[in-house]
């Protein structure tokens with residue numbers, strides 16, 4: 001039986017057999033990017049505190065680890081992809097829409113007042129009081145879209161209160177004399193009915209989202225192998241959907257909220273856009289010629305073999321750390337931008353900048369990797385994360401996000417391309433898919449969840465700006481540490497061939513597929529499905545022949 005993919009007929013710009021796959025990926029990931037980026041600030045809009053947001057993300061950490069194995073079991077049980085995918089899409093839409101109906105908590109906002117003046121040199125703030133502000137931000141009666149951070153001291157004792165951002169309109173008023181500013185004091189964490197209701201609904205919604213996205217990769221691989229085509233080019237339609245619908249949803253949120261009061265944001269457009277796109281994906285999936293699942297092998301046995309390799313352990317450890325930084329900024333990026341006065345359409349454009357910038361880099365993957373090396377590129381990803389996180393701690397105007405977000409093309413998209421091709425270097429041919437699955441679980445599941453959870457509590461303790469600054473410095477330190485570990489220890493394993501695979505050929509095959517072009521909004525890492533569900537027919541045939549011999 002011929003297991004080679006069918007080639008696309010000459011003279012055609014696209015494979016007509018894969019049109020529905022393109023449409024499905026465009027709609028599914030477009031829907032995900034239309035809603036999930038806004039869920040953190042939506043949680044705050046209904047009254048959840050930063051600690052409660054962190055607790056929600058801790059719970060979702062377990063969801064993201066449990067959903068892919070459960071999805072695999074269901075596919076094994078029913079023997080076909082389509083019923084499982086259709087069911088998960090329906091439950092995905094229903095559960096996420098229920099979030100929209102969770103009533104907001106009645107929050108009584110209290111303030112503490114401060115008399116503030118400028119120091120003699122005009123470069124610092126002086127506070128009249130005995131204690132520093134707790135929240136690290138001072139409000140004024142005037143409103144301004146931009147803020148300025150200045151060193152702040154207690155006038156009586158000259159105690160430093162670090163840098164406090166204040167609105168530019170208040171800064172100009174301070175030049176005329178003393179001004180009274182307010183420090184908002186949020187209520188203590190209540191963990192009341194609102195929190196528990198949100199947590200229960202979000203747990204189900206996140207499980208269904210993880211299941212939906214987990215199935216897309218093996219389906220795409222299977223269809224590409226059946227009908228020909230390029231896996232990476234098919235996945236680019238996921239990125240196109242993300243690039244379009246995140247800023248579009250932000251514009252609709254701004255337009256919908258314009259008549260609802262100066263401080264109220266209405267997220268209704270995000271939920272209904274999510275519903276409409278998932279409804280379209282239901283129709284598209286129904287028309288897709290999806291075959292039966294590809295048989296899987298024992299993941300546990302393969303895992304034990306992989307974890308005996310020292311460079312694999314180090315690779316997974318630092319990939320987990322990269323996931324921490326990615327989870328932190330993806331969970332709290334919109335929070336710090338809203339604190340700067342960012343409009344919602346600008347929040348969406350941050351996704352577009354990174355997505356569009358990453359597309360041409362994918363076609364330079366092989367050349368760059370050959371020149372620089374996998375480990376060095378992963379080290380660069382740490383520094384790119386650091387520049388991105390530190391950048392938001394330095395700026396006060398949210399429109400500076402555009403040059404900062406260019407780092408995302410390296411820290412997220414290109415990083416995962418390098419990570420998956422590095423799996424082909426580290427593992428034998430028969431274990432490449434398994435290692436990709438483990439790497440996806442470590443990065444997208446464990447790393448992101450821990451980063452979001454720890455980041456929430458860090459923000460609650462030291463404030464947004466200082467939390468971003470501390471995490472950025474930690475990213476720099478981790479990048480330096482990985483480079484040192486490679487120079488002092490791991491370099492001895494470079495180029496060492498494993499008995500049952502050809503390193504160069506394996507890398508070329510993975511680069512050809514570009515299997516790692518995964519949109520960042522896939523917050524639970526659909527690549528985990530590779531470990532148990534996405535072995536190619538050629539690999540299965542090869543293993544069968546080897547067993548017979």
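Just so you know, glycine gets a Cβ as well, placed from its N, Cα and C.
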According to TrEMBL, which of these ranges is transmembrane segment: 202-223, 312-333?
312-333
Determine which residues of the chain contact the transmembrane segment (271-291) at the Cβ level, with the cut-off under 8 Å and only residues 6 or more beyond its ends counted.
17, 20-21, 23-24, 27-28, 30-32, 34-35, 80-82, 85-86, 89-90, 92-93, 96-97, 99-100, 219, 222-223, 226-227, 245, 248-249, 252
Long-range neighbours of the transmembrane segment (312-333), counting only residues six or more past its ends (CB under 8 A):
37, 40, 53, 57, 306, 347, 350, 378, 381-382, 385-386, 388-389, 392, 411-412, 415, 419, 422, 426-427, 435, 438-439, 442-452, 454-456, 459, 464, 467-468, 471, 474-475, 478, 482, 485-486, 489-490, 520, 523
Spatial neighbours of the transmembrane segment (21-41) far in sequence, C-beta under 8 Å, 6+ residues away:
14, 53, 89, 96, 99, 202, 209, 212-213, 216, 219-220, 223, 234-235, 237-242, 244-246, 248-250, 253, 265, 267, 270-271, 273-274, 277-278, 280-281, 284-285, 288, 330-332, 334-335, 338, 344, 347-348, 351, 519, 521-523
Output the single range from 236-259, 377-395, 445-464 maximising the number of Cβ pairs under 8 Å to the transmembrane segment (470-490).
377-395
Under an 8 Å Cβ to Cβ limit, what residues of the same chain, 6 or more beyond the ends of the transmembrane segment (236-259), are close to it?
22-23, 25-35, 37-38, 265-270, 273, 277, 343-352, 355-356, 358-359, 362, 517-521
Six or more residues out from either end of the transmembrane segment (377-395), which same-chain residues have a Cβ under 8 Å from its Cβ atoms?
315, 318-319, 321-322, 325-326, 328-329, 333, 336-337, 340, 368-369, 401, 403-405, 407-408, 410-411, 414-415, 418-419, 422, 465-466, 468-469, 471-473, 475-476, 478-479, 482-483, 486
